[in-house]
Amino acid sequence: MSNIAPQVLRHASRACSRRLSLSASLVRPAYSARTVTGSGSGGRRYVSGSQRHNAQAQTTVESAVKTEQKASVPGTAVTGDALANPSAGILKQATIMDEGNRPIYLDMQATTPTDPRVLDAMLPFLTGLYGNPHSRTHAYGWETEKATEQARSHVATLIGADPKEIIFTSGATESNNMSIKGVARFFGRSGKKKHIITTQTEHKCVLDSCRHLQDEGFEVTYLPVQSNGLIKIEDLEAAIRPETALVSIMTVNNEIGVIQPMKEIGALCRSKKVFFHTDAAQAVGKIPVDVNEWNVDLMSISGHKLYGPKGIGACYVRRRPRVRIDPLITGGGQERGLRSGTLAPPLVVGFGEACRLAKEEMEYDSKRISALSQRLLTSLLALEHTTLNGDPNRHYPGCVNVSFAYVEGESLLMALKDIALSSGSACTSASLEPSYVLRALGNSDESAHSSIRFGIGRFTTESEIDYVIKAVKERVTFLRELSPLWELVQEGVDLNTIEWSQH
């Protein structure tokens, strides 16, 4: 970390404290009338009636603070405006912290950076607009309720749903648990619907939810996938039976990026009168999603996977035909009784704004990410013994999973310490076991261990991709030269014919 960063942070803290104390002393008429005015960020704030004559003094304070900040941090690329205004300064955050020493970020499947425009939308609800959105007897509650309902509408519009079908949760993990356990327990009480179908390549929270239900007496069928990561519709149709309550199949896989045939799956489930749930955390905001066209009954969405804040997500629950679920969290009956607890307006508003931006900019983002992905993939596959994991056609371009034969994935990650990458799901990254997703594709342990996932997103640049290509080629070549297996391969030896002795 840069040695100037502590100085910057201490000074910014002092400046902020000084500004707040001066504001408090300048504007403190007791019991003065309040009016609602517009704010520069598009939100609303309460101001006292006597604040008008203090406006000039407040402007002077702001100007003095910025001037002092500029003078106190010479040599940085951060302006006083950026330090005083968090929304302006977020794009310079890396400069403040490390002066350019942070790795290139290519782990977009783990999380995405918060879009600065999302932060702009959130800021008023972290300060002046602090009402409980469920308090309907005064203006503080009304204004936050209006904002949360607008956010709900943005989420619904993104997936072609009705706003009343959107239930806010803490994220996709909760939404997956809520959907799978909720439907299974509601319809399993009769004892007639105690069968669930999912795939072997689902996210860990889906697989764990199914295992918990198995402990409760439910039967679960784990469908295999083909070598390209896609299921066979024939296998799904054969697995459905009269006691099947739910089919849960993710839209875009978080490790290999394959896109399952959602229309065909949804049509089959609807014809068999079986509820269809999909974990769409890696799809919503990145590819076109329509719950009605796909005949989806339940869908899990995550805010931080589409440039929104962490800790917020949504569960789409269809109203017609109605889907009945047992809630996981009970209490005050918020969110139509399906998810009790007070909503966090800053997170909800940020999530809604992220969805609005995703809808508005999806076509542009998609074309740009596709071009960067093709540039990366073409160069990487030019290396010997390098393969793309997953179907090359039914594939989200922002997720590129490549196996580099005769190179240990963990060694390559360490060699690429200037690039933030992953060898698989962030939820299983602490495990040294080979990826269960790649194993389900039929990959060997060696192939699974040699895989690296490249995540490309909205803020990835062409120069970053070019740097990554150069670095990967150099370091893969270097690591292979250290491997005795690579030497044998170069000599034309078939490693499968070697009988290895054990000591």
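Backbone N, Cα and C define each Cβ position, glycine as well.
Taken from Swiss-Prot, the feature active site, cysteine persulfide intermediate covers Cys427, and the record attributes it to similarity to another entry.
The pyridoxal 5'-phosphate binding site feature in Swiss-Prot is assigned to Ala172, Thr173, Asn254, Gln282, Ser302, Gly303, His304, Thr342. Counting Cβ atoms from all protein chains shown, Gln282 (pyridoxal 5'-phosphate binding site) has 27 others lying within 10 Å of its own Cβ.
Sequence annotations record features per position, and here Swiss-Prot assigns [2Fe-2S] cluster binding site to Cys427.
Residues or ranges marked as compositional bias 'Low complexity' in Swiss-Prot: 34-50.
Taken from Swiss-Prot, the feature N6-(pyridoxal phosphate)lysine covers Lys305. Look at Lys305 (N6-(pyridoxal phosphate)lysine): DSSP puts it in coil.
Residues annotated as region 'Disordered' in Swiss-Prot: 34-58.
Here Swiss-Prot flags 1-27 as transit peptide.
Neighbour list (His304 (pyridoxal 5'-phosphate binding site), Cβ cut-off 8 Å, at least 6 residues apart, same chain): Thr111, Thr112, Thr114, Gly171, Lys310, Gly311, Ile312. Our reading of the pyridoxal 5'-phosphate binding annotation (Ala172, Thr173, Asn254, Gln282, Ser302, Gly303, His304, Thr342) yields a largest Cα to Cα distance of 30 angstrom.
Comparing the binding-site residues Ser302, Thr342 on other C-beta atoms within 10 angstroms of each C-beta gives the minimum for Thr342.
When the CA atoms are compared, the binding-site residues lying within 10 A of Lys305 (N6-(pyridoxal phosphate)lysine) are Gln282, out of the candidates Thr173, Gln282, Thr342. Annotation note: Thr342 (pyridoxal 5'-phosphate binding site) sits in a coil segment as assigned by DSSP. Gly303 (pyridoxal 5'-phosphate binding site) has a Cβ environment of 33 other Cβ atoms inside 10 Å. Long-range C-beta contacts of Thr173 (pyridoxal 5'-phosphate binding site), restricted to its own chain and to partners at least six residues apart, with a cutoff below 8 Å, comprise Cys205.
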